[in-house]
Amino acid sequence: MSTARPLKSVDYEVFGRVQGVCFRMYAEDEARKIGVVGWVKNTSKGTVTGQVQGPEEKVNSMKSWLSKVGSPSSRIDRTNFSNEKTISKLEYSNFSVRY
């Protein structure tokens, strides 16, 4: 009998003023505080993209941060979430900034 909570994975892309405002560093800190794993990186088109994995309620907390909070100097216009699915195990051991 397993009491493990289901794990979720979701991809995201954040639009707005999200580069040059320490967004990735704050995202990494927030993910570690919440307890999710995955990654974040800048794109060549001025957005921030990545993936979040963890228990559903923690992933939902990170989704809220990515769409409403961000770093202090950022301005989030919108956040697109895609490929949301249930996973059997985490694919990452931590949350990291990619370059």
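Cβ from N, Cα, C; glycine included.
Taking Cβ-Cβ distances under 8 Å and a sequence separation of 6 or more, the neighbours of Arg24 (active site) in its chain are Val40, Lys41, Asn42, Val48, Val97. Annotation source Swiss-Prot lists active site at Arg24 (among others), citing sequence analysis.
Annotation source Swiss-Prot lists active site at Asn42 (among others). Around Asn42 (active site), a 10 Å sphere centred on its CB holds 18 further CB atoms from the protein chains shown.
Residues or ranges marked as domain 'Acylphosphatase-like' in Swiss-Prot: 9-99. Across the domain 'Acylphosphatase-like' (9-99), mean pLDDT in this model comes to 98.
According to Swiss-Prot, the N-acetylserine annotation covers Ser2, on the basis of experimental evidence.
Per Swiss-Prot, the feature S-glutathionyl cysteine maps to Cys22; the stated evidence is experimental evidence. Every protein chain shown contributes to the tally, and the Cβ of Cys22 (S-glutathionyl cysteine) ends up with 16 other Cβ atoms within 10 Å. The DSSP secondary structure for Cys22 (S-glutathionyl cysteine) is coil.
As annotated by Swiss-Prot, phosphoserine applies to Ser93. The Cβ of Ser93 (phosphoserine) has 7 neighbouring Cβ atoms from other residues within 10 Å, across all protein chains displayed. Secondary structure at Ser93 (phosphoserine), taken from DSSP and collapsed to helix, strand or coil, is coil.
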The domain 'Acylphosphatase-like' (9-99), counted residue by residue under DSSP: helix, strand, coil: 26 helix, 39 strand, 26 coil
